[in-house]
Amino acid sequence: FKCSPSTMRTEQLAHTASMNARALLFSSSPLPKTPLDISIPRRNHGSHVKPTSPFAFRIRVLLRSQGRCCKFRVLARSSGERRSGKVWADVKSEQYDVSESVPESVKFGDPLKDVVIGKEDLDNVVPWWEEFPKRWFIVILCFSAFLLCNMDRVNMSIAILPMSAEYNWNPTTVGLIQSSFFWGYLLTQIAGGIWADTVGGKLVLGFGVVWWSIATVLTPVAAKLGLPFLLVVRAFMGIGEGVAMPAMNNILSKWVPVAERSRSLALVYSGMYLGSVTGLAFSPFLIHQFGWPSVFYSFGSLGTVWVVIWVRKARSSPLEDPQLRPQEKRLIMASSVSKEPVKTIPWGLILSKAPVWALIVCHFCHNWGTFILLTWMPTYYNQVLKFNLTESGLLCVLPWLTMAFSANLGGWIADTLVSKGLSVTTVRKIMQTVGFLGPAFFLTQLSHINSPAIAVLCMACSQGTDAFSQSGLYSNHQDIAPRYSGVLLGLSNTAGVLAGVLGTAATGYILQHGSWDDVFKVSVGLYLVGTVVWNLFSTGEKIVD
């Protein structure tokens, strides 16, 4: 069944929803002799209503006759200067086999039933926030959560100075307070991954933000009650932040297609870097203006705003979101993992795979160097480059900014390579090799540099190339075991946190008996080991279903 487009006149297009629209379709041959006519009669009172502004509307019509159906649409436009406009009707058959004998005419029985005029048809302009991809809205919410995560974490490094002066804490006590965060952080890495993979990432990440925000707000109260209370609250804060990365990994494994995986993870992890920048920038100002407790009250309260949006808008997977547009759902589900919920974790299968152990070993090698540079950098600037403490604090922000930029640049490069047809395995190996050999190269140059400015630039480049790891090993959990990505990240990040704790302590011992060159040599050695292991055993293919 096929009709050529025909042009018709309509009168008085204003107030179309309340008028009695009728349509007749005549056909007595393969091609209609009489054009389709759709008219809207005038009101009985004879008044003429002139449209006050240009407008357009569409009419969707469903024809039913002898058990068969046909759909067509009518588009009407008016310039606003005339009482009539032109109507174009495209009549097409949709899965409709028409017999040789076609009824002479088909008439609509109920115009209000057959002619549908929706609000979306009257205004064809869709607000931009409705067209914005929901998957990237989820990514931005995860980015915001990680921004708050590091803001709440680094504020103690600034506030500990006036706190220790007020409560007369010695350096040993300060070190104990700083390390108490990792007690809870280590405890919930694997547990958070199991929880996220079994009950859904939305609930777990929401719990984490609520938990660490409450702990942040309670920190001044705990400090006034006594040291044991403060240690418990800091450990509780670590519990909340420990589930964040596994939960985020679980959510993005369901929401983000493979072709966008590197960019999405790079953006989320750059939230951590920018959170550190924000925390380091605003904490001194708040302490100076309102006292050190204001840092914890203000930063902790921000979590409330995030949680309200998260609970209302986020879903653990696209299948649970009734507002997700069908075309976006099809795009996501085309590369989606199994829809079956995780009930048991196949530990034996996961731990029997060489790429899993490559991921764990390389996470350890990566975090050893990263944690050392970020933890001991102010000391290096002060003792070796002879910067004062204020300059050291300002320069500590530079690597975080560099990492935020490089992480997103690396994510864009990785996704572009994948879209060009390069295998995911090759892309992951390239990006992580840059993430290992880049820092190794720049650290070896520090012993030959005498200029403080060049040394700072070298450190920034080291951290900038390190951020390419976000498109390497940090994206690999979702590649090799998408259904168990939360558990897998919990496993590898446990090794990464241990590397940070051990590396930070070992650096103090090395500096007591050696030099900064020795510190950098250990980091470079681990970077090289990680490079070899990664290129020999890693893969970008799914190995655990």
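The backbone N, Cα and C atoms fix where each Cβ goes, and this holds for glycine too.
What you are looking at is a predicted structure, and each value in this text was computed from that prediction instead of being measured.
What TrEMBL says about this protein:
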DOMAIN    138-542  domain 'Major facilitator superfamily (MFS) profile'
TRANSMEM  136-156  transmembrane segment
TRANSMEM  176-196  transmembrane segment
TRANSMEM  203-223  transmembrane segment
TRANSMEM  229-252  transmembrane segment
TRANSMEM  264-286  transmembrane segment
TRANSMEM  292-311  transmembrane segment
TRANSMEM  356-377  transmembrane segment
TRANSMEM  397-418  transmembrane segment
TRANSMEM  487-511  transmembrane segment
TRANSMEM  518-537  transmembrane segment
Okay, the transmembrane segment (203-223) and the transmembrane segment (136-156): do they have at least three CB pairs under 8 Å, pairs separated by 6 or more? yes
Is the transmembrane segment (397-418) in contact with the transmembrane segment (487-511), using at least 3 Cβ pairs under 8 Å (sequence separation of 6 or more) as the test? no
Give, as a single whole number between 0 and 100, the mean pLDDT over the domain 'Major facilitator superfamily (MFS) profile' (138-542). 88
Let me spell it out: take the transmembrane segment (264-286), skip the flanking residues so only those 6+ beyond its ends count, and list any with a Cβ under 8 Å from a Cβ in it. 135-136, 139-140, 142-155, 157-159, 248, 252, 256, 294-295, 298-299, 393, 396-397, 400-401, 403-405, 407-408, 410-412, 467, 470-471, 474-475, 478
